[in-house]
Structures are given as structure tokens and as C-alpha cells.
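Read through the structure below, which is laid out as C-alpha cells, and then see the notes.
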Amino acid sequence: MLSLYEAAQFRVHDEEILDEALKFTTTHLKLILPELSNSLLAQQVGNALKFPIKDGVVRVEARKYISFYQQNQNHNQVLLNFAKLDFNILQMLHKKELCDITRWWKELEIVKALPYVRDRLAEVYFWSLGVYFEPQYSTARKILTKNISMISLIDDTYDIYGTLDELTLFTEAIERWNIDASEQLQLPSYMKIIYCGLLDVYDEIKKDLANENKSFLINYSIIEMKKMVMAYFQEATWYYGKTIPKMEQYMKNGISTSAYVQIAATSWLGMGNVATKDSFDWIVNEPPILVASSIIARLLNDLLSHEEEQKRGDAPSSVECYMKEYGVTKEEAHIKIRNIIENSWKDLNEEYFKVNGTIIPRVLLMCIINLARVIEFIYKDEDAYTFSKNNLKDVVYRILIDPII
């Protein structure tokens, strides 16, 4: 039954039998779980109900599976030892990467200069690690971590700090993408720090890519950064104009504010020859698999963070947009949005089966899949990115610091 439950998670649209199979297995696994006591099977069922394989962050699930396998009386000790050794060796590499990035972050002195931003470097690195953990993608992970860190600063600035006039200037500066723009537009001092830091990060990335004669690929990431910032600015105009847009308008803008189109394009930088110019041309056209991943990211973020954001003063989320447009309660809006997320997972599964091995290599598609998995993990029960001192902090410690003995 557990295997059927896991398999049914990969269903696509119009697969009514698998829809029924998922409902059936979910119901019965929940019913039998209390009767399994503290057995190994109980642990596996409990974990699967919360994090099915479809949603699992690979390194997190690998650590859990090693523990499950060790408890199996029929385990192969040689295989178990090898799995532990492999995990710990990779963990040492990941720890070194995080140390290198932490040094860069501290040199920026961002937190001291911008006290309103979320200081979440370890969590951002975990995000990148969820996209790809393999040793050959070390450079790509560093690039992606720095990129997401800068996005987080920009997001916080648009959400909670910048005035509309200041955000207008910053949006124009991003559009110009020139170091002189900060002085020409007379950006506020705190925005100059972000702007110059962002351009410095991209200069570093360009140098890294120059070694492979691929520095031109950075332009794809810059294009998506501009689109994302423009979408953030659109949200700011809604907030300051006290406007609640229609759901369709919100979702169109939300593809960009999820940041996942930009992050996906940037995640391929540093991956070597597997990411070709044709691949980047494909991704910036927002293929359905990427749109699905972006919708999942946008809506999960909204569901778990909208109440806190509305308290402090922020643009309307999908919840507020849906409530106003259709005249429903918050609970009804949540149910509808959960359905949209579920359908987006079906879209994502379907597009993966279509595209895999035909247009885009599997390793690149898995970056998009894994981005959806990470967002599912971080926003499963709470906004664990904003409130990271809860469960996420413990997970980051187990994955990056604590070796398997």
C-alpha cells in the first residue's frame, strides 16, 4: 500500500484511477499508522505521509533512508557503511562551500547596513543544495546561493522597507544595469549597497563562466532579474495604490515574483557543457514545467506567509485576491489555492514526462523539479524561511554539520 501511495503521487491530469488510488492509500495509511506502534514501518509511513518521494529534498531523504535502512535487521553492513561514508564526505564538501560563501557574506556587511533584511545565508545554501548536491556542481551551488541571497535582500526591500519613490528609482537602476546608475539616479545609501552588491556578484559570476567561454550566458539571468524586479514593483504599486488585482492578473505577475524563473535560469550557470545556449533559450520562454514550479512556489509562499505579511503591511497575496474576486472566506480561498497547487504538480509531472530526454537533458529538468521540492519542504507547515529558528534550523544542522555515525 505504501508503494502504491508513493507511485500515485506522480499522477498527471485525467488519471482518475491514480487519483482514487491516492485518496484510498492516504486514508488507509493514516488509519493504520497508530496501530504500527514505534516500528520501522511506522516511521516510514509517517515520513511518507508528510514527505512523499515526489516532494522529498534529496539530501534530507537520503539521511532519513540511511537511518531506516540501518534499523532493518536484514541490512547489508558493507552497503550501509558505504552510504554513511558517501554522505559524510559530501557533507564535508558542502560545509566547506558554506564557509567560503559565509566569508563573502560577512565581507559585504549587509546585515549591519540593512537591519530590516532576513539574514538567512545557511538556509539559502540549503535551498541551493536542494537543487543539486553532487560534487561536480560546486561552482553552480555557490553561484546560486549568492544569487538567491541577493534576491532575498531585494524582496525584503520591496516588501517591507522601500517607499514607492525609492522603489521607482531602484527599478530603473536595475533596468539600466550599470554601476553608474546608482549615482545618476541618486539612489538612497541603503539601496546603493544592494545595487552595487548585486552587480559585484554578477561580475564574479561572469569571471567564473569566462573560464569555460560561457560568460555570455549570464545575460539570461540578468534578463530574468529585470523581469522579477519589475514584477516586485508592480506589487508595490498595488500596495501603495490600495489595489487588489484580479486573480488572473495576480498570477501572471506571480510567475515572476516567485523568483523561480530567475532562479532556474541562474541554477544552470556553472553546470558545464550540459547547459547549452539552446537550453537557456528554452527556459527564458517560460515553458509549462517552469510555470508549474513557479506557481507552486508563489502559492505555497502565499498560503503560509500572507497573514503575517498583511499584519506588517504588504501587497495583497493570492489569498486576498481570491477572497475579494469570488466573495469567499479565507478558508475557502485556501482550499481553492491548495487545489491549484495540486494541479500544478500534475502539470509539472506531465511536462517532465514529455520533455525528459527530448528537448532538455534530465539533469537540467531536475533542477526545476527540485526547486518545487525545496519550496514544498520549506513551506510545508510554516514559513520556515522567515521563521527559520524552528524546524528548518535543525534540518540544516543535520544536513550540513552533523555527520552520520
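For all residues, glycine too, the Cβ spot is worked out from N, Cα and C.
Residues or ranges marked as Mg(2+) 2 binding site in Swiss-Prot: Asp155, Asp159. Less than 8 angstroms from the CB of Asp159 (Mg(2+) 2 binding site) sit Glu309, Asp314, Ala315, each of them six or more residues away in the same chain.
The Mg(2+) 1 binding site annotation in Swiss-Prot covers Asp155, Asp159 and is backed by similarity to another entry. Within its own chain, Asp155 (Mg(2+) 2 binding site) has Tyr232, Ala259 as residues 6 or more apart in sequence whose C-beta sits under 8 angstroms from its own.
Annotation source Swiss-Prot lists motif 'DDXXD motif' at 155-159. If one looks beyond the motif 'DDXXD motif' (155-159) by at least 6 residues along the same chain, the residues whose Cβ comes under 8 Å of a Cβ in the stretch are 114, 116-118, 167, 170, 191, 194, 229, 232-233, 235-236, 259, 309, 314-315.
The secondary structure of Glu309 (Mg(2+) 3 binding site), as reduced to three states from DSSP, is helical. The Mg(2+) 3 binding site feature in Swiss-Prot is assigned to Glu309; the stated evidence is similarity to another entry.
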Check: Which whole number is the mean pLDDT over the motif 'DDXXD motif' (155-159)?
Finding: 95
